[in-house]
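Undergrad: The ATP binding site annotation in Swiss-Prot covers Gly431, Pro432, Pro433, Asn434, Ser435, Gly436, Lys437, Ser438. Taken from Swiss-Prot, the feature SUMO cross-link covers Lys512. Under the heading domain 'SF3 helicase', Swiss-Prot lists 405-555. What Swiss-Prot records for Ser80, Ser84, Ser95 is phosphoserine, and it gives sequence analysis as the kind of evidence. Positions annotated as region 'DNA-binding region' by Swiss-Prot, on the basis of sequence analysis: 138-306. Residues or ranges marked as region 'Disordered' in Swiss-Prot: 577-602.
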Amino acid sequence: MAEGTDPLDDCGGFLDTEADCLDCDNLEEDLTELFDADTVSSLLDDTDQVQGNSLEPFQHHEATETLKSIEHLKRKYVDSPDKSLGIDNSVNALSPRLQAFSLSGQKKAVKKRLFGTDGDEAASGAESLQVESGFGSQQSVSDTPVTDILNANTARVKHLLLFRQAHSVSFSELTRTFQSDKTMSWDWVGGLADIHVSVLESLQTSLRSHCVYVQYDLNFAETNASSLLLLLRFKAQKCRDGVKALLSQLLGVQDLKVLLEPPKTRSVAVALFWYKRAMVSGVFSYGPMPEWITQQTNVNHQMLQEKPFQLSVMVQWAYDNHLQDESSIAYKYAMLAETDENARAFLASNSQAKYVRDCCNMVRLYLRAEMRQMTMSAWINYRLDGMNDDGDWKVVVHFLRHQRVEFIPFMVKLKAFLRGTPKKNCMVFYGPPNSGKSYFCMSLIRLLAGRVLSFANSRSHFWLQPLADAKLALVDDATSACWDFIDTYLRNALDGNPISVDLKHKAPIEIKCPPLLITTNVDVKSDDRWRYLFSRICVFNFLQELPIRNGTPVYELNDANWKSFFKRFWSTLELSDPEDEGDDGGSQPALRLHTGGTSQSL
């Protein structure tokens, strides 16, 4: 072994000191006895122990970590009071004079704030109230938003109290509330506070250029505070912001204390208040009184008893103006309430919706019966009567020539089409996109008040219902699926024979299918699967693109040009003379539903 330190030298002295000398010769048996179970019975404890709450430390640790993460997140958005006030605690702890010297610029305040807090609220955190709770803790509460709300409400309450004391009437009793400051009205009631008597003369002169009617009265409350009551009828409708800006400009006051609301125009008590106030010597009034005051204050034998609503008058009005839409009937008839007694009774009724539905249904029934009694010639003449005569028939002819459609064959097929001749009852316009097919057919449908069928509704049993109310119909942009449906179910309709149409909420009716226009991008006659339709349709090819100039079609197919076209070729189409219809030139005798004056036109 090489020279060096013996590894056993360090522990040799320990073994010599601590080792015990045994006289036993059998060392192996002694070691076995030492490690017997009886000897080490108390080394292992095999008894059952109570489990206890072993998860409590883990839960406590998780809760602590969660609170730290939330606090760290909030610190990104909420400044401490010292930081918001610009105090650096680290520098201030060393020396307050070092705070004036800085090599780096101050960090900008964060843009995002938690719960809408801003720098002002953070700065006012140090000055917030200390409110002691019932549990002995203290909570920091800022009273700035609450104070602003209370101050605003208190100012309005004080203004309303001043108005009531000065004029002996509540402002809310004279007015109705507009929630929006942008809602328009002709009439406005104003209550102005702290108005000096010297400005009344200038206000009297300046308001005449803006108002049709002016009435104002200046009174004083118990506290000697002045309050000016205004009733204004402007020459044009104005909103609350506009009236307030106008009064501020005329009075030369920037922060004007004013209450502005529209008056109650249907209250007899309010109308009497303004009528009586106008006769007081100290009240200034200019111009004629509004009609809502005069109508409710003039007592005569016609006003002693209000006339009841008559549905026949409303139906006659809608029939004369050709209104069949419920919303149009309700809105336009309500606008006549100022001049028509029956419309005024309609607005006073609680069954307006029922009256509108009944009126619309009756007008549709009358117009449907009127249309069915007319021939196609009478219907065309009826539709042309109310149109302008300044059209040019050459525009229609030039458009057909542009599409290279021969005019004479077109007129022959159009004559048979308008008569509803079997096998000639359907005209198909085929061509590429942007060739003017829909433009041509839609203009003709609009002229003759036809109906448009949409194949998208073909899964409904009622998609053919518009045919019952039309003299002409259109299927626009028919695809292959549409042609398959027509070939399967509508061959009779193309023939012009009677068909059964299912009506919603009514029993199916049998009608003769009106002439049908179809536009398509599918060449029907080139596909043999639709060979049974070849003899039932008249196809016109529109292969040229429709010319557009400055966003407007070169060939303008409007009602006036179509009217000129029909008037020019009336005899060519062999349409009957209106005088031969038996009405002395009129297309249909006038329908009178009640005795009285004529209906007001729109």
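Just so you know, glycine gets a Cβ as well, placed from its N, Cα and C.
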Undergrad: So among the binding-site residues Asn434, Ser435, Ser438, who's got the most Cβ atoms within 10 Å?
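TA: Going through Asn434, Ser435, Ser438 one by one, the largest Cβ count within 10 Å is at Ser435.
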Undergrad: Within 8 Å of the Cβ centroid of the ATP site residues Gly431, Pro432, Pro433, Asn434, Ser435, Gly436, Lys437, Ser438, which other residues of the same chain have their Cβ?
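TA: So the extra residues in range turn out to be Tyr439, Thr519, Asn521, Phe542, Glu545, Leu546.
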Undergrad: State the Cα to Cα distance, in Å, between Ser435 (ATP binding site) and the residue listed as 'SUMO cross-link', rounded to an integer.
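TA: Ser435 (ATP binding site) and the residue listed as 'SUMO cross-link' have their Cα atoms 31 Å apart.
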Undergrad: Taking the Cα atoms as reference points, how far is Gly431 (ATP binding site) from Lys512 (SUMO cross-link) in Å?
TA: 29
Undergrad: Rounded to the nearest angstrom, how far is the Cα of Lys512 (SUMO cross-link) from the Cα of Asn434 (ATP binding site)?
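TA: Answer for this pair: 33 Å between alpha carbons.
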Undergrad: Whose Cβ, among the binding-site residues Gly431, Pro432, Pro433, Gly436, has more other Cβ atoms within 10 Å than any of the rest?
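TA: Answer returned by the neighbour count: Gly436.
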Undergrad: What's the CA-CA gap between Lys437 (ATP binding site) and Lys512 (SUMO cross-link) in angstrom, rounded?
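TA: On Cα coordinates alone, these residues lie 26 Å apart.
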Undergrad: Taking the recorded positions one at a time (Lys437, Lys512), which has its Cβ surrounded by the most other Cβ atoms within 10 Å?
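TA: Buried the deepest by this measure is Lys437.
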Undergrad: DSSP three-state call for Lys512 (SUMO cross-link): helix, strand or coil?
TA: strand
